[in-house]
Amino acid sequence: MKEIYRLVDVSYKYPNGSIALDNVNLNIYKNEVVAILGPNGAGKTTLLKILDGLVFPDKGEVYFEGKKLTDEILRDKELMKEFRRKVGFVFQNPDVMLFNPTVWDEVAFSPLHLYSKEKAIEVTDKTLKDMKIYHLKDRHPYNLSGGEKKKVSISCILSVEPEVILMDEPTSALDPKSRAEIMNLIKSFKECGKTVVLVTHDLNLACLADRCYVLNKKVIFEGKVKDLFSLNLDELNLDVPEISKLFIKLKNMGYNINEIPVTLDEAVNIISKLFQKY
C-alpha cells in the first residue's frame, strides 16, 4: 500500500508557547479515509494545516509520498504548484474560501491558474454539474445556505482533481439533509481512489473511515472506530449517536452486550444475534 503521509515525532507550539502537538507519529496510505478525533484544543486542525503545508512543525519530520515536506521545498514554485494540485484543504468555515462574485468564479479560480482557458471552463462546468450545484453558478456565494456554501467550497477543491482531500469538520452546523449529502460525497471520494483525512466530532461521520486517530496533543488511540468505546468518550467531546448511548447504558446495567453499534444497521445486527441465542 502506497504511503501518502508519514509524520515522525512531530511537535508544534502556538505563538504564545502553548503546545498544540507533542511527538505525534502517524501514517496515511493511498485510498484510505482516516478520521482525526479528539476534544477541543487537541491539535486536530493544526495537524491538518501541517499536512497541507500551511504550517511546519517545530520538531519532527513530515513526509509526503516519501519526500520530506519543508518550508524550503514549498518555496519552489513548481513544487508548490504540484503539491497544491495533489492536496486540497476544505476549511471548517466555508466563508474563508469564498471571495469571488459568483459560484462559477469561485470554482473556476484554481483551474484558470492551472489549465488553459478552454480546459478551465470545461472542468469548472463539469465539477458544478457533478456536485449538482450548476444551477447556483451565477449566485453570490454569501447568499447561499450553509450546506450550499459547503458544497461550493468542496467544488473549489475538486475542480483541480486532487488526490488527497483534507476536511476540517465537514458536517458541522449542517442540517440532516446536507450532512447526509456530504457523507455520501466522502463515500464517493473513496470509490474514486482518493485519500481523505477528516477532522470530526461526529462518530457517524467517523464510521466512514478505515482507521481513526484520537488526538489530545499526543496520539492516544489508533484503530477502528468501533474500538473507540474502550475510551472515555465524555472526555473526548465526541458526538455519540443515541443508539450507541442506549447500548452503553444497557451494558452498564449488566446486560450481555459485547459490541457497541454506531449505526442503526449495526444495532439491528447485534439484536438479531442476541435473539438467536434464546
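Count begins at 1; order follows the chain as displayed.
Here the Cβ of each residue, glycine as well, is placed from N, Cα and C on the backbone.
Residues or ranges marked as domain 'ABC transporter' by Swiss-Prot on the basis of sequence analysis: 5-242.
Residues or ranges marked as ATP binding site in Swiss-Prot: GLY38, PRO39, ASN40, GLY41, ALA42, GLY43, LYS44, THR45. Counting every protein chain shown, the Cβ of LYS44 (ATP binding site) has 26 other Cβ atoms within 10 Å. Under DSSP, LYS44 (ATP binding site) is assigned to a helix (H, G or I) in the three-state scheme.
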Local Cβ density at THR45 (ATP binding site) - other Cβ atoms counted within 10 Å: 16
Other C-beta atoms that fall within 10 angstroms of the C-beta of ASN40 (ATP binding site): 7
Binding-site residues (GLY38, GLY41), the one with most neighbouring Cβ atoms at 10 Å: GLY38
Sparsest-packed among the binding-site residues, when each Cβ's other Cβ atoms within 10 Å are tallied, from PRO39, GLY43: PRO39
Listed in sequence order, residues not in GLY38, PRO39, ASN40, GLY41, ALA42, GLY43, LYS44, THR45 with Cβ within 8 Å of the centre of the ATP site Cβ atoms: LEU215, ASN216
